[in-house]
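Peer 1: There's a structure below that I have some questions on.
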Amino acid sequence: MSTKAISSTDNSITNSEIKKKPFECDVCGKIFIRKPYLTLHYRTHTGEKNYVCEVCGKAFYQKSTLTHHCRRAHTNEKPFACDMCPKEFWDQSELKMHYRIHTNERPFPCDLCDKKFYRKSHLIGHYRTHSQEKRFICEVCGKAFSKKSYLNDHYNTHTNDKPYACDICLKTFFSRKNLTKHYSIHNNNKPHTCDTCGKAFSQTSYLREHYLTHTNERAFPCDVCTKIFKSKAYLQVHLRTHKNERPFACNMCDKAYTCKAYLTEHYRTHTNEKPFQCDLCEKSFSRKSNLNVHYRTHTGEKPYQCSVCLKSFSQPSQLICHNRLHTNEKPYHCDLCDKSFSRKGYLNSHSRTHTKEKPFACDVCGHTFSQKGHLNDHYVSHMDEKPFQCDLCGRSFLRKRQLNEHKRIHADEKPFPCDLCSKSFYRKYEFNRHYRTHTNERPYSCEVCGKAFAVKFTLSRHYLTHTNEKNYLCEVCGQTFAAKNYFQRHYRIHTNKRRYMCGVCGKSYSEKSTLKNHHRVHTDEKPFACDVCNESFAIKQSELKNHYVVHTKEKSYVCDICGKKFAYKKVLKTHYYSHTGLRPYVCSLCGKAFSQKCHLNRHFTIHTNPNKRDTLGVTLSQENT
């Protein structure tokens, strides 16, 4: 048995039946065509629940709801199967509605326009677009609603009352609509199928957005920039950006906007109001569009597909930016130099290299940054608390995701295998990074100098060479570093912390990569071969890279003080000491300082082997002159 309320199921009453109003609830205003349905409905107000689940003891207003609960929560039984696709359903009514997707049957036509609908509830909701009658007004915020039940649900957001509970996971919600939407996560139900490509979606709004990727029907193109809009009103608002018309001005700051809706959204930055709440994780947003985009992080839906490489995206803006990789389009130009960029954000970051502007300030220590990402990285230096601890080794993490990934190391679980070689990986990003060693793909390009990288993190670190930002300060010696991992590596010099021990000879190292390189001393493994002379090396970055200079004779490291060129970066670094007079290598026995580590090592033999004191003393004095 199901109630025939306006907002509930397909058995809701029609527009003509609404006018009769035979049985109306005097508590919430809902209307029913039969008295038994009204009697059942009254129990939602009185709290009377006569039907109790024998498994978990939960009580329900109706017997049908109890049956529905038992199938969902305890048996996971889906007895109603579709004979046209593999989908199964808990209720016959769900199967009946699902069939209409295959048959394209829309049995509920609107008698005021030519639209037809799969469900009667959709038709009733559509009727309100004709009447636009909203006579139920919230006394707290003034928002108006077409039904008293909608007002009641809305009022729950002010009182923080969540009367609608999921009978599977017991999560509670402000409205029945949000609960219904939440159920689709449990049953992975995506009933809205695109009849062009067959892709399925959990909500009709996602299907409508996706459908625009197939057809330009009812689309309005801009004659200036070729952008396409789904309504004439959106196009007219967009045209104001070309005319630089911004008639809607904020009275709290100097910003102005092309339409009133944008101004309303902007006001929320002053009031910090976030009225759009996700019913799955309760995160709030100032814009409904941001909520829609966020919701796809739960459903995993990516309705926007690239027609060239078939990659899918959750937002149309992501697809537009991605398409520029294929077209090499860079529409954002710097007016201070001749550089162009594919994204406005890249242009904004680049512009700060001219203005030296650092608009992102740390509210803990006041340090300022040119990019928000650098500020977020910096915040970690203030966070001492790592709430997620591994119960096997005691290591702590800032995020639960990091802990879950770490636990795979203990379980030796590597769920990401490479189909081109036999390697497997703990984390997806490690697999993606490895896969590019096969494809030689470098998808992350620097917008400043054009250099390409296989890993996004390497690009982020490379950007610091343009901004010259060194945000990580060593409190022991005062040295600053551009990247966190450089700082951590340096800090181990002071702590003498060497976590990685060789199982063959017992030597310890502060870096895992250094231990890996050392291990090749025992195995005599030299996996990195020169493609010019076939000589092999144990270490790629230092040995092989340095060896290439023998063939190229290239001296790419230039001293910006005297112009002298060097083949190796470390030689340039040592050369700099001749200008600065810096001698960072100090003997711990006598305090004498040297500009190079090899000179310190040679000097040290004076203390360990006195017979070499005279000859070495002369040599070192000449070298340090």
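Numbers run from 1 along the shown chain.
Cβ from N, Cα, C; glycine included.
TrEMBL: automatically predicted annotations, no manual curation.
Under the heading domain 'C2H2-type', TrEMBL lists 51-79, 80-107, 136-163, 192-219, 220-247, 248-275, 360-387, 388-415, 416-443, 472-499, 500-527, 557-584 (among others).
For the listed features, I'd like the structural context: burial, neighbours, distances.
Peer 2: Confidence for the domain 'C2H2-type' (51-79), expressed as mean pLDDT, is 77.
Remark: secondary structure over the domain 'C2H2-type' (80-107) totals 12 helix, 4 strand, 12 coil, with classes taken from DSSP.
Helix, strand and coil counts from DSSP across the domain 'C2H2-type' (220-247) read 12 helix, 4 strand, 12 coil.
The list of residues near the domain 'C2H2-type' (248-275) in space but at least 6 beyond its ends in sequence, with Cβ under 8 angstroms from a Cβ of it, reads 157, 237-238, 240-241, 284-287.
Note on the domain 'C2H2-type' (557-584): residues 546, 549, 593-596, 624 of its chain, located 6 or more positions outside it, place their CB under 8 angstroms from a CB of the stretch.
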Peer 1: Please count the residues of the domain 'C2H2-type' (136-163) that DSSP assigns to helix (H, G, I), strand (E, B) and coil.
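Peer 2: Output for the domain 'C2H2-type' (136-163) reads 12 helix, 4 strand, 12 coil.
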Peer 1: Near the domain 'C2H2-type' (388-415), which same-chain residues lie under 8 Å Cβ to Cβ, leaving out any that are not at least 6 residues past its ends?
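Peer 2: 380, 424-427.
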